[in-house]
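The domain 'F-BAR' annotation in TrEMBL covers 4-263. What TrEMBL records for 142-153 is compositional bias 'Basic and acidic residues'. Per TrEMBL, the feature region 'Disordered' maps to 142-171, 273-320. What TrEMBL records for 155-167, 286-298 is compositional bias 'Polar residues'.
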Amino acid sequence: MRELHFKDNFWNTDITCTAGYDSIIQHLNDGKRTCKEIEDFMKARAAIEEKYAKELMGLSKKVCGHTEMNTLKRSLDVFKLQTENMSLSHLHLAQTMREEAKKLEDFREKQKEARKKVEQQMDALHKQKAAQYKKTAEAKKTYEQKCRDKEEAEQNMNRNATTSSSKQQEKLYAKTQQAKQTAEEADRIYSQNVSLLGKMREEWLNEHVKACEFFEKQEVERINTLRNVVWTHLNHLSQQCVTSDELYEEVRKSLEQCNIQEDIEHFINLRRTGDKPPAPVPYENFYNNQRSAPSRSLPTAGRRAAAPPPPTAENDPLYSTVAEPGYSLIRY
């Protein structure tokens, strides 16, 4: 199947019409807008990745199982460490996305500047072509009018050839010659303008073909670049999934080393308080305790000896001492 190209399909029969060229320019402007939209999309995605990375980093710093011990503690430490590594990988992904967006921005600006030169040249040619066509049309109009004036003068001279005097005939002849010269001058100017328009048309045709080829080349580059940019973007996302799974695998490996019985024994060995439980508390009857309790004497160890009785006079009353049998502090 024959391939279609810009240069063969955007012509118009009207020499002053630029609809085909305008259609190409509109399409290129739409393509430039698409580049900007994808560029903004990637910047927004990078911002999301960066925000997610920062939140992951904050999460990795939070307290998580600080009271655990032994193998489970090691697994939880690996879990937090890999969460931090996950944060760093997403931060790197965000930076990579920004770099890709910057490349797309540079590509868009480069195409814009290159197009600007071609568009300025084509706009100038379109204005010159339109102006020359207008000038040629006016010259044609003048030429046709002068030709009609010449024919009218000749007809007038022929009609009055037998009825007018020689002097009048001379005037008619002079008028006819003047009209003829004016018509010839108009014909020369008209022909000159047609020739100039023809040259300008050839120049415009050549430049239009070149512009179409240039614009088609730009469009091929734009489509290829956008396809590669999106493809690369998805490759980065796929690689992030691989990296994430590798980090998760490190945590899984650590969890495989988590030994439940070992942790139980580690805690026992570290915090054990004894292997003998307390004896049962017996029931003690109050009255049985009273009857079966042996008599107890007051301990005398550590007490000073009783003070000697004071000397008494003949008529002094007698006092009992604590040591005497039958002594009581209360008498009834």
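Glycine is treated like the rest: Cβ placed from N, Cα and C.
What TrEMBL says about a protein is an automatic prediction, not a curated fact.
Long-range contacts of the region 'Disordered' (142-171) within the same chain, counting only residues at least 6 positions beyond its ends with a Cβ under 8 Å from a Cβ of the stretch, are 178-180, 182-183, 185-187, 189-190. With helix defined as DSSP H, G or I and strand as E or B, the region 'Disordered' (142-171) counts 24 helix, 0 strand, 6 coil. Looking at the domain 'F-BAR' (4-263) alone, the prediction's average pLDDT is 91.
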